[in-house]
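What TrEMBL says about this protein:
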type: TRANSMEM; residues: 7-28; note: transmembrane segment
type: TRANSMEM; residues: 106-125; note: transmembrane segment
type: TRANSMEM; residues: 146-170; note: transmembrane segment
type: TRANSMEM; residues: 190-217; note: transmembrane segment
type: TRANSMEM; residues: 310-328; note: transmembrane segment
type: TRANSMEM; residues: 334-362; note: transmembrane segment
type: TRANSMEM; residues: 374-394; note: transmembrane segment
type: TRANSMEM; residues: 414-437; note: transmembrane segment
type: TRANSMEM; residues: 458-483; note: transmembrane segment
type: TRANSMEM; residues: 489-510; note: transmembrane segment
type: TRANSMEM; residues: 554-574; note: transmembrane segment
type: TRANSMEM; residues: 586-605; note: transmembrane segment
Amino acid sequence: MGTAAAAADVVIPACAAVGIAFALWQWFLVSKVKVSAYAAPGNGHHHGGPVFRMEDDGEDVGIGGDHDEEVEEGAGDRTVAVARCAEIQSAISVGANSFLFTQYKYLAAFTAIFAVVIFLFLGSVHRFSTDSRPCQYTRGRTCKPALANATFSAIAFLLGAATSVVSGYLGMRIATYANARTTLEARRGIGAAFATAFRSGAVMGFLLASLGLLVLYATIKVFGLYYGDDWEGLYESVTGYGLGGSSMALFGRVGGGIYTKAADVGADLVGKVERNIPEDDPRNPAVIADNVGDNVGDIAGMGSDLFGSYAESTCAALFVASISSFGADHDFAAVAYPLLISAAGLLVCLVTTLLATDLFMVKTVRGVAPALKLQLIISTVLMTVAALVVSFAALPANFTMFDFGAVKQVKNWHLFFCVATGLWAGLAIGFTTEYFTSNAYSPVRDVADSCKTGAATNVIFGLALGYKSVIVPVFAIAVSIYVGFTLASIYGIAVAALGMLSTVATGLAIDAYGPISDNAGGIAEMAGMSRRIRQMTDALDAAGNTTAAIGKGFAIGSAALVSLALFGAFVSRAGVADVNVLNPKVFVGLLVGAMLPYWFSAMTMRSVGSAALKMVEEVRRQFAAIPGLMEGRAAPDYARCVRISTDASLREMMPPGALVLLAPLLTGTFFGVRTLAGLLAGALVSGVQIAISASNSGGAWDNAKKYIEAGASDHAKSLGPKGSDAHKAAVIGDTIGDPLKDTSGPSLNILIKLMAVESLVFAPFFAAHGGLIFK
């Protein structure tokens, strides 16, 4: 099998390098759209609107714009419009940078402390002994000392955290770089604007997927220099990588979610409902904070989140593989099967992206949504073929998998079926999400219709839609779990999760496209671009809104499979033969675990509420205190609103984060591994349901509002126009849905993954010293 292992050693880093090169090429293409901030001042073409100033971190950023004016395409006017776009883009970029750097300062301290905790807990399992010990799974072999496992797990945790932070930051940089460029490209037509937004999303998707693969591969190789033949210890210590990725993602998601929704709710309630001014109007003091929020929440947060899922599912699969027959036989090509699937996924996504941006260009506004949908279908079909090739090339024809103390006979085509089931379940979840959140279908139109009788009926219809939208995704996840477990035990579930995430580069590109288009629309409105351009950016944004919901559906579905795979790895590592629900220790854990997602959601929703309250008060104060602000003669204080969002989100993200990180540690230490197993199962079962219903209710309310605002059909016109009673009811529904779809819902998938991966990392400690109360 030497040649297969050698081939794996070439293919994995080569595919990662190709992915990074492709991302840089896409970045180069986006950078060819020139945005110059220095075109307007002093050229005599400025149109009399005030130059709004925003000071943040000592940088001066001007935002010019007289809201009501329509900039058409004369040469002088174009110069002014470009200059304004550049100024607004710069303001958004400054705000996003300042938030992320402040957040990362806090997280650096947390990461250092938690790495020490990992070292102390795992080192104490055998009293910091430096002696070799008998292996747990491979009889008759000796494994490296527990102290080495503690040290390497802590290092892997730091590497995972660093990769997650870099992923989120790079995503945010390209998004703030591309938003104004998308607006300016809209002057050339919908195709050019779509290509710019989608290419920018692809930069993030490919950088993140390639970096994750490359760093994980390098970590395994470098750790392997010390571990040598001890693959059991090697892959157990690598699980720390997934824990690092996910803990950063939790704070990124919660902090970014609170930031973006505080600004969004504040801007909407005072601007749209009370003052009756359009969305993204430059007179609204919260408008820059709102646009910054799209980047720090939906881009940096989402990037860290999907990177965490990817890292954890790979770590779970590698750990289970290491204790199987090909782990014992040291067959690297077979053990590295999860990495090879991800590598193949990068090549598949590369081909799929080229189809959208270069071969089949979007030509009409109506073509935007189908082009994005086609990406999902094509990548899934191509990946199914790629998975078949990888399964037969990398795996032996027959092998045995660890099956909770027993041994399971598995064939290579079994694993192909596991990957394919996860892959197609992801597509099913994506399309179900689209059906329930896109205003092209009846569920959202029914929600829009319900606005005729006020906000209360709108809220009732939206909640019902969210609960109903859980049915198909849960069945899809259940089928994946059954097929995976029947064919290849817990390893089958781990590779099904990997199948769902194998096209993560395309998934992230589609997901990042949404916030970039949203920002492009905001910039077009603030810079006073012509109505034609605003209609194009609105069309891009409407499609992006649905794809963002699809992205969240993927993230939640994969989180369910990932956490179940991690749960299985934890149970086997902790030496639990069976988890009996009728055992009172287990049932207590089950009940408390099912409660945790509710507690967590309560914390995040309340955080958004209290932060939004401060924002609403500030926006009202500025409208009252600044003379001429409503008429567009004076400048709002954007920086103050940015500061309110930043301070609130950093303060409020700590308690929910502490809840998620401390729950497994305290349960395992005081109540033992059986109660912890119950806790994980309970959190998984209730967390998935709440996450899907919250995300889809929020997405449906948002698109019902956009449906009324666009007035594209006779039915929509009968509910509008903006400012009508039905529209105001829709805005209230959207405002309630905002924290559900962008803070609580997406953060819950991190809760269920993070608790499971943390339990796996600390499993040796819990097995040796846990259960102080339930002895």
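Glycine is treated like the rest: Cβ placed from N, Cα and C.
Residues 337, 341, 373, 376-377, 380, 383-384, 387-388, 391-392, 395, 443-444, 465-466, 468-469, 472-473, 476-477, 479-480, 483-484, 487-488, 491-493, 495-503, 545-546, 549-550, 552-554, 556-558, 561, 695-696, 699-700, 702-703 of the same chain lie 6 or more positions beyond the ends of the transmembrane segment (414-437) yet place their CB under 8 Å from a CB of it.
Within its own chain, the transmembrane segment (489-510) has Cβ neighbours under 8 Å at 19, 171, 198, 201-202, 204-206, 208-210, 302-303, 306, 309-310, 313-314, 316-317, 320-321, 324, 337-338, 341-342, 344-346, 348-350, 352-353, 372, 375-376, 379-380, 383, 387, 401-404, 408, 410, 414-415, 418-423, 425-426, 480-481, 483, 547, 550-551, 554, 557-558, 561-562, 564-565, 568-569, 572, counting only residues six or more beyond its boundaries. By the count of Cβ pairs under 8 Å, the stretch nearest in packing to the transmembrane segment (554-574) among 106-125, 146-170, 310-328, 334-362, 374-394 is 310-328. Note: the stretches the transmembrane segment (374-394) and the transmembrane segment (334-362) are in contact (3+ CB pairs below 8 A, sequence gap of 6 or more). The stretches the transmembrane segment (190-217) and the transmembrane segment (334-362) are in mutual contact, each linked to the other by at least three Cβ pairs under 8 Å (pairs 6 or more apart in sequence). Listed by sequence, the residues of this chain that lie at least six past the ends of the transmembrane segment (106-125) yet keep a Cβ under 8 A from its Cβ atoms are 146-147, 149-151, 153-154, 157-158, 161, 165, 240, 243-244, 247-248, 251, 650, 661, 761-762, 764-765, 768-769.
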